[in-house]
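If you look up TrEMBL, you'll see 1-20 marked as signal peptide. Summarising the annotation, TrEMBL assigns domain 'L,D-TPase catalytic' to 141-319. Per TrEMBL, the feature active site, proton donor/acceptor maps to H272. The active site, nucleophile feature in TrEMBL is assigned to C291.
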Amino acid sequence: MWARWICILGVASCSTLGHAVEQSEITFLQRYAQSLNQANPASATEITSQRPLRRGNQGSDVAVAKQRFNEIGYVMAVNDQFDAELDATVREYQLGMHMKEDGILDKQTKFNLNLNDAKRHALLAWQIPQMQSLNQQAPSRYIVVNIPAYTLSAYENGQMVLNSKIVIGKNDRPTPLLRTQIAAIKYNPNWSVPPVVIKNDLTQNGKLNLAKVQKHKLRMLDSDGNEVDPATVAAAGETNLGRYRYVQDPGAKNALGRLKFELTASNGIYLHDTPSKGLFGKENRAASSGCVRVQEWQALAAWVLNIKPVEIGKRIASKKTYTEAIAEPVRVFFVYWPAQIEGEKVRWYDDIYHAYLSPRGINPALQPAVSNHTLVASSAAELNH
């Protein structure tokens, strides 16, 4: 049943997780694309229901899901009952696609089911040239942040040496596609609240949300650097809140955690630790205001500096806030690639920012950063059937 998805194509097995841009992986995806049946009707049944479906549910959307499974090779009676048979089928499908095997037709599972061969081929026609471009320009040491996969991978001499889960920007505050580099590392950082957070999180009806300022232990500073009492500002009903700086001191609950990776020309986007470790256990990790939170931040910092992780621990333990420049800055590529090789299978990731399934092929919010990687018109047409 899974022969169609396994695609053992006679190329090197990519047994490690993450996104390398080695030629063997590009070749694997090229041959996988060739194996797809582009004549597969683009009008195949789509599961449009927004609610997660699970055993015990009933409704017309359950019948649609059963019809879709029949179209891709499963055989079952089509009715509106989410029964034991459908539960087992969903679990088998999730297992084969390297997803969380829970029997729930959630957003990620439905996204994969809705991708027919024509759409998969179009997405690969968009992704593979980007991989080839990166392959040509990547130095010996570099980092790839794949947004829809929620992963960060570090590479050295063509081999992946580190892979980490990440938390990325929310849908309304997306992490942009960048070509940047890590120029320095800041230990025990303070946090200056960015304008988007001030506007959306620290204000309520145009006035200061005192409860949030106090909850996060933020200090308010005027243009001269003098500290201002937040309670006084709130009581006065002041609305010109952008004239203040909001600073969170270093500590265990600092929003940046214990360490920050300084990126060049990144418009306020950077990599950092986080006190909210529980987010790394979630499937959907789009929860930040645009910056990237790295689970394996200590190992990454050690690799960037070419030292042992214990040395990073010593720097943190000093409790001093300081910045260490990197002699040879490490390149970082932020990408938005839907297909990832895991073992000898291709896993497809949800289009969390509606970037490659929009009418124009690329979400306008992401377009400036990927202007040299636009989706060809023929592929865009395939995607939007």
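Cβ from N, Cα, C; glycine included.
Note that TrEMBL annotation is computational and uncurated.
If you measure from the Cα atom of H272 (active site, proton donor/acceptor) to that of the residue listed as 'active site, nucleophile', you get 8 Å. Note: the residue listed as 'active site, nucleophile' has non-local neighbours G169, T175, G268, I269, Y270, L271, H272, i.e. same-chain residues 6+ apart with C-beta under 8 A of its own C-beta.
The Cβ neighbour count for the residue listed as 'active site, proton donor/acceptor', using a 10 Å radius over every protein chain in view, is 22.
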